[in-house]
Amino acid sequence: MTQDPYEILGVSRDASADEIKKAYRRLARQLHPDVNPDPETQERFKDVSRAYEVLSDPGKRQAYDRGGDAFSQGFGGAGQGFSFTDIMDAFFGGGAPGGGQSRGPRSRARRGQDALIRLDVTLAEAAFGVTRDLKVDTALTCETCDGEGTAPGTKPVACETCHGQGEVAVVQRSFLGEIRTLRPCAACRGFGSVIPDPCRECSGDGRVRSRRTLTVKIPAGVDHGTRVQLTGQGEVGPGGGPAGDLYVEIHVEPHKTFTRHGNDLHTTISLPMTAAALGTHLTLPLLEADLTSTAETPDEEKPVTTYDLDVRPGTQSGSEQVIRGFGVPSLRGGRGDLVVSIKVDTPTRLDPRQEELLRELAAIRGEESPDGQNEAPTRGMFGRLRDAFQG
Ligand SMILES: [Zn+2]
Ligand SMILES: [Zn+2]
């Protein structure tokens, strides 16, 4: 990490005070804790603010240029000059105003709004992740005025009504006497300044609407309704304020053959009566079969798309086989199971030879005139549901 404040702000040694301020504002907007709360970004934000503290103070800047250590004095809390909080207040407005007290002009810069867009994905894409290009209509910083809202070469001027205070005293007479309260100044909407010559590009808002394409990586394991947060990709705030977040809400299209319950996948296969009785092997297509791999995909990255399922002799209709670890990957790691329900198909049209064989089988098994037997409910899905409700 460089200790050179010029390098940290990305400005040249002979940068003007205005250039330094602009560079800082640009970085502060990107790195502001409201935008990027992760600790690494916040560290960078602190470095940037420290660099600005040095370069925006002519005395400190001179001392540094003469070979002093930029960060030797005034850092890590109590120091001369202005504090970290002062910088924040100067650019982004103070914190929550105290009750009834004078709060001074408010900043034009405010955090931008969060945005929400919906993304339709297939079940396989939700399960295994996908990268998509999204078109996002959003507000971006106006490049003509760099978010300031002023026409090039002009500046906001102090409001004449409130003399730059952003608020005006209102005196009301009541039976208690005169009550003096401070109200936000209507003339400048509390900003303390007015923009006499607004930027033409953005009409003084500091933002322009724009459609841009964003490449979004959806992690494996998202579910219907999951919101993926893209920090700082929402609307830029008015007056050059930091951007809000963009939320991508996942909508999963229903699948033809698989349904999802938590991280488990469920599917049903039908088997001829004879195969269920005799047992068989079959090739079961997995959800991975929906993933598109191209000719260029290296072999080791191609997913396994089928499972060799061993059907035991005497498999009952409605029975389930659980294939461990072939469900949906969890966002927290691991994978659910694949539950295969088996449906046994009874033959419906028998030719004379087939009927003869089946009657012979029935005779051998003594099943020519079976009694109807009342049975306990099966332990299929409904049995389990009942158990769950009855605890
Ligand atoms: Zn503008
Ligand atoms: Zn005013």
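Glycine is treated like the rest: Cβ placed from N, Cα and C.
On its own chain, Cys142 (Zn(2+) 1 binding site) has Gly149, Cys199, Glu201, Cys202, Asp205, Gly206, Arg207, Val208 as residues at least 6 apart in sequence with a Cβ closer than 8 Å to its own Cβ. Secondary structure from DSSP puts Cys142 (Zn(2+) 1 binding site) in coil. Per TrEMBL, the feature Zn(2+) 1 binding site maps to Cys142, Cys145, Cys199, Cys202.
In three-state terms derived from DSSP, Cys185 (Zn(2+) 2 binding site) belongs to neither a helical nor a strand segment and is classed as coil. Positions annotated as Zn(2+) 2 binding site by TrEMBL: Cys159, Cys162, Cys185, Cys188.
For 4-68, the entry in TrEMBL reads domain 'J'.
Positions annotated as domain 'CR-type' by TrEMBL: 129-211.
Annotated region 'Disordered' per TrEMBL: 293-321 (among others), in sequence order.
For 364-391 (among others), the entry in TrEMBL reads region 'Disordered'.
The repeat 'CXXCXGXG motif' annotation in TrEMBL covers 142-149 (among others).
Here TrEMBL flags 159-166 (among others) as repeat 'CXXCXGXG motif'. Listed by sequence, the residues of this chain that lie at least six past the ends of the repeat 'CXXCXGXG motif' (159-166) yet keep a Cβ under 8 A from its Cβ atoms are 102-106, 184-188, 190-194.
As annotated by TrEMBL, repeat 'CXXCXGXG motif' applies to 185-192 (among others). Here the repeat 'CXXCXGXG motif' (185-192) has long-range neighbours at 104-108, 156, 158-162, 164-168, meaning same-chain residues at least 6 beyond its ends whose C-beta is under 8 angstroms from one of its own.
Look at TrEMBL and you will find 199-206 (among others) tagged as repeat 'CXXCXGXG motif'. Tertiary proximity for the repeat 'CXXCXGXG motif' (199-206) is limited to same-chain residues at least six positions away from its ends with a CB under 8 Å from its CB atoms, namely 108-109, 141-145, 147-152, 236, 238-240.
Each residue of the zinc finger (129-211) gets a DSSP state, and the totals for helix, strand and coil are 0 helix, 39 strand, 44 coil. Look at TrEMBL and you will find 129-211 tagged as zinc finger.
Proximity of the binding-site residues Cys159, Cys162, Cys185, Cys188, Cys202 to ligand 1, judged by a Cβ distance under 6 angstroms to any of its atoms, singles out Cys202 in sequence order. Those residues of the chain, other than Cys142, Cys145, Cys199, Cys202, with a C-beta within 8 angstroms of the mean position of the Zn(2+) 1 site C-beta atoms are Glu143, Thr144, Asp146, Gly147, Glu148, Gly149, Thr150, Pro198, Arg200, Glu201, Ser203, Gly204, Asp205, Gly206, Arg207, Val208. Broken down by DSSP into helix, strand and coil, the domain 'J' (4-68) contains 45 helix, 0 strand, 20 coil. Only Cys159, Cys185, in sequence order, out of the binding-site residues Cys142, Cys145, Cys159, Cys185, Cys199, Cys202 have a CB under 6 Å from ligand 2. Note on Cys185 (Zn(2+) 2 binding site): other Cβ atoms within 10 Å of its Cβ, all shown chains, come to 22. Apart from Cys159, Cys162, Cys185, Cys188, the residues listed for Zn(2+) 2, the same chain places the Cβ atoms of Pro105, Glu160, Thr161, His163, Gly164, Gln165, Gly166, Glu167, Val168, Ala186, Ala187, Arg189, Gly190, Phe191, Gly192, Ser193, Val194 within 8 Å of the centroid of those Cβ atoms.
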